[in-house]
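Quick notes on the structure that follows.
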Amino acid sequence: MNISNTPNTSSTITGFILLGLPCSREEQILLFVLFSVIYLLTLMGNGSIICAVRWDQRLHTPMYILLANFSFLEIWYVTSTVPNMLANFLSDTKVISFSGCFLQFYFFFSLGSTECFFLAIMAFDRYLAICWPLHYPTIMTGRLCTNLVISCWVFGFLWFLIPIIIISQMSFCGSRIIDHFLCDPGPLLALTCTRAPAIELTSSTLSSLLLFIPFFFIVVSYALVLRAVLRVPSAAGRRKAFSTCGSHLAVVSLFYGSVMVMYVSPTSEREAGMQKMVTLFYSVVTPLINPIIYSLRNKDMKHAMKTLLRT
């Protein structure tokens, strides 16, 4: 490894060390087993939703098409971190290559960006379904749904592209240790030879815009939904309207609650452990919980899941 205290070009860096979750060898093995089980359950849960939507004709509606795409996204989101984390648990060196680090950086943040956009358009879909029920079939057409899905993927993968390319071209000096289980921009920028306030500001601004614009859109959508639901005369009608939004609201709360703690609250070196736990929650735990939330709170999805399990 050719790293010294003098400036080097990034091309001389052959890898970084991801500290991961430091603990004894026996605890590393236990964590390997635990996260392997979580990863497999996540793949099975989200894969079941995709299969249920694919094979049940009653679920061929915009709401469930968006949900199937969201589950597909969750599979790749958790795959961007967990396999490398599992390898890290069994590794003695805990080294990730330079290209591997920045590929993980790109895919993790691109998939996270795509998730923010998906949560926003899913809220928009619920707004149309509840506030404009008679016009919903003519507004949320298959073509519009497809265009929204494609837009989420495209904008998600373009959002952080330029900053990531610029950071990957920067020079890194001194320590190559990243006190995290994934390649995060904060620790990476701390390893650069010279401070790059413009890049730090750009990265921070893009993160803030990515979080708050979709979140504001979601809040406005559900405020309008709440106003419409409160006008429904019957209690049964109100419960039915709320039930169609409950799952999505729960998922939004889990994702945005943890992400905002991570990227909006002040951070310090002493909080590195807490940052890892929060990142674990929204990147590993929520993709596991989301299929359970959608399956338990939705009658159509529960019926489709039971049918799928019988076949």
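For all residues, glycine too, the Cβ spot is worked out from N, Cα and C.
Same-chain residues lying 6+ beyond the ends of the transmembrane segment (29-52) with a Cβ under 8 Å from its Cβ atoms: 21, 23, 59, 67-68, 71-72, 74-75, 78, 82-83, 85-86, 89-90, 284-285, 287-288, 290-292, 294-295, 301, 304-305, 307-308. The transmembrane segment feature in TrEMBL is assigned to 29-52 (among others).
Positions annotated as domain 'G-protein coupled receptors family 1 profile' by TrEMBL: 45-294.
Sequence annotations record features per position, and here TrEMBL assigns transmembrane segment to 64-83 (among others). Within its own chain, the transmembrane segment (64-83) has Cβ neighbours under 8 Å at 35, 38-39, 42-43, 46-47, 49-50, 53-54, 104, 107-108, 111-112, 114-115, 118, 121-122, 125, 145, 148-149, 152, 181-182, 283-284, 287-288, 290-291, 294, 300-301, counting only residues six or more beyond its boundaries.
The feature transmembrane segment is assigned by TrEMBL to 103-124 (among others).
For 144-166 (among others), the entry in TrEMBL reads transmembrane segment.
Per TrEMBL, the feature transmembrane segment maps to 209-230 (among others). Panel annotation: around the transmembrane segment (209-230), residues 113, 116-117, 119-120, 123-124, 126-127, 130-131, 159, 238, 241-242, 245, 249, 252, 256, 259-260, 263-264 of the same chain, lying at least six beyond its termini, place a Cβ under 8 Å from a Cβ of the stretch.
Residues or ranges marked as transmembrane segment in TrEMBL: 242-265 (among others).
Positions annotated as transmembrane segment by TrEMBL: 277-296 (among others). Sequence-distant contacts of the transmembrane segment (277-296) (same chain, six or more residues past either end, CB-CB distance under 8 Å): 35, 38-39, 41-42, 45-46, 48-49, 67, 70-71, 74-75, 77-78, 81-82, 108, 112, 180-182, 184, 247, 250-251, 254-255, 258-259, 261-262, 302, 305.
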Per-residue pLDDT averaged over the domain 'G-protein coupled receptors family 1 profile' (45-294), given as an integer: 86
